[in-house]
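Chemist: Okay, so TrEMBL annotates it like this:
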- 46-66: transmembrane segment (TRANSMEM)
- 120-145: region 'Disordered' (REGION)
- 135-145: compositional bias 'Basic and acidic residues' (COMPBIAS)
- Glu224: active site, proton donor (ACT_SITE)
- Asp348: active site (ACT_SITE)
- Cys412-Cys441: disulfide bond (DISULFID)
- Glu455: active site, proton donor (ACT_SITE)
- Glu483: active site (ACT_SITE)
- Thr572: Ca(2+) binding site (BINDING)
Amino acid sequence: MHPPSRQGYVSLSLAGQGSGGYNNSKQWRRQSCWRKWKQLSRLQRSLIFSILVLLFICGLATYPIVTEHLRGKALYTFNIPHGIQFLFCPCSMSYLFLNPLVTFSWRGAVIDTAPATEGTKDGGKVLPANQEAKSSNESESDRPEAVREAFRHAWKGYKDFAWGHDELRPISRSYGEWFGLGLTLIDALDTMWILGLKEEFEEAKAWVAAELTFNKNVDVNLFESTIRILGGLLSTYHLTGDALFLDKAKDIGSRLMPAFNTPSKIPYSDVNIGKGTAHPPRWTSDSTVAEVTSIQLEFRELSRLTQEPQYEVHKLDGKLDGLVPMFINTNSGQFTHQGIYTLGARADSYYEYLLKQWIQGGKRESQLLDDYLQAIEGVKKNLLQKSSPNGLTFVGEVSHGQFSPKMDHLVCFLPGTLALGAHNGLPADHMDLATQLMETCYQMYVQMETGLSPEIVHFNMHEGSIRDIEVKLADRHNLLRPETVESLFYLYRFTKDHKYQEWGWEILKNFNKYTKVSSGGYTSINNVRDPDYTSPQDKMESFFLGETLKYLYLLFADDLDLISLDRFVFNTEAHPLPIWPSTDTHTN
């Protein structure tokens, strides 16, 4: 299926006529058309001519031989006033106007409209679907190595084009900065250690020792820097025993503390780690609930290691059926935007961290367990529904009393969290719900033409629906997210059902098929519904190395005690932190 803009057609037909009157009729029509053409104004004729030229260009763009000829040719963009972007293709000498927010894909040649941090080089290409890495009939023993291979390929792109920077832009062979702290490298440290990639780990460790400094005049997001940087450093310290990583963790932890200098002790969302100042987002005084309640695992662990209680986080009070709104005011400590409840963006990891804090602390903090159990009951009561026609169980949203069958891919963390709770003695029906939701998350992949899930789906609930899942145009992107493979890892660990490994293997193959970039790295894509025009975004999120590939490796690993879930608890960025021994009396 091609975009509507490529489906313009003009057809002219002549009715069958007898041979005797054909020539006279033909001559008459020619004269009549010419008279009508002359009667048109100059503006009208120019407009018709322009439309015909445009249709001709569109025809060239869709003709397979021409597109094969154009494959790999350069595309250049020029920014002009009023937000219009002008695109020039030298091989066809044609001009097109594009929305400046949309990534343009022309078979093998791709360009991202976002500005590069440094000069963009001639880009890499997403590998064609028929050049998928390895074949689908690889033995199960080869699967961990396939994940290592995927990591090495992603790491090659990062090392070659983005070393020491936050994120790789694999197609333009450049990098993007968020905080300027080497996010991808830090996020991937414990992944390399777990995968046994010692050479790559030592390269990264050398950079941390020689180059990583937090003494920078830069604003960082408290939540993201906590789960990615602080969590990554603490995890790597525990896995390696190398004090270098603990020292760096102490440094960043101390620099994040000004975020808690608020009247309510609900932290600000942003911190300048060089100046020691903090502030809410520029557009509001509110913080999202997920951001302020999904930093406890990391700060509690840092407090335990340093014996400095200053790292503990203020407890959040106030719920409805165990569910919380998405925003909280840092001045008053009260919820805002009440009436909107979701397990998706801005609220997801609040629920995850209730259970994981209880596990981290040795299952002694009963209030955390009570809050979690109440929240799960709230989900069942308010958010759980089934789709039509196949009865997929899904978690929707409620806005001011109205139910919406919208489910973010982020919600696919929940099957794994429910399974983890059941493994730790919580009600057996939590595992039943986990397996139902796991099937739903898998269907979010297999019902897409690329076999990759979109960012958001909507479920049909009306009788007579043809398909369970619908995807809006704006929601068709895939960011290489980990939540589904994360839950597959938990479900396989606890059930030993090999179907979860098979599902994960399908997902990895489709990542290789549709997101792998030839020169190194993987890219997010804009359209999971069109295998021919996935429209790559030219961005590899750090969590692809920090989470997605780590969970896939653990899913396929022969050693089921590798990062044992009885000894470690994963933070929301997949960084394993130790469960405190029963003799540890530390509490929050």
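Backbone N, Cα and C atoms are what each Cβ position is placed from, and that goes for glycine too.
On a predicted model such as this, the values are computed, not experimentally measured, just so you know.
A description of the local structural setting of each listed feature is requested, covering burial, neighbours and distances.
Modeler: Glu224 (active site, proton donor) is surrounded by 16 other CB atoms, counting those within 10 A of its CB over all protein chains shown.
A C-beta separation below 8 Å, combined with a sequence spacing of at least six in one chain, links Asp348 (active site) to Ala290, Thr342, Asp408, Leu410, Val411, Phe413.
Counting every protein chain shown, the number of other Cβ atoms lying within 10 Å of the Cβ of Cys412 (disulfide bond) is 29.
For Glu455 (active site, proton donor), the same-chain residues lying six or more positions away in sequence with a CB closer than 8 A to its CB are Asp408, His409, Asp475, Arg476, His477, Asn478, Leu479, Arg481.
In the shown protein chains, 27 other C-beta atoms lie within 10 A of the C-beta of Thr572 (Ca(2+) binding site).
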Chemist: If you draw a 10 Å sphere around the Cβ of Cys441 (disulfide bond), how many other Cβ atoms fall inside it, taking every protein chain shown into account?
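Modeler: That number is 27.
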Chemist: Measure from the CA atom of Thr572 (Ca(2+) binding site) to the CA atom of Cys441 (disulfide bond) and give the result in Å, rounded to a whole number.
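Modeler: Cα-Cα, rounded: 18 Å.
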Chemist: Cα of Glu224 (active site, proton donor) to Cα of Thr572 (Ca(2+) binding site): how many Å, rounded?
Modeler: 10
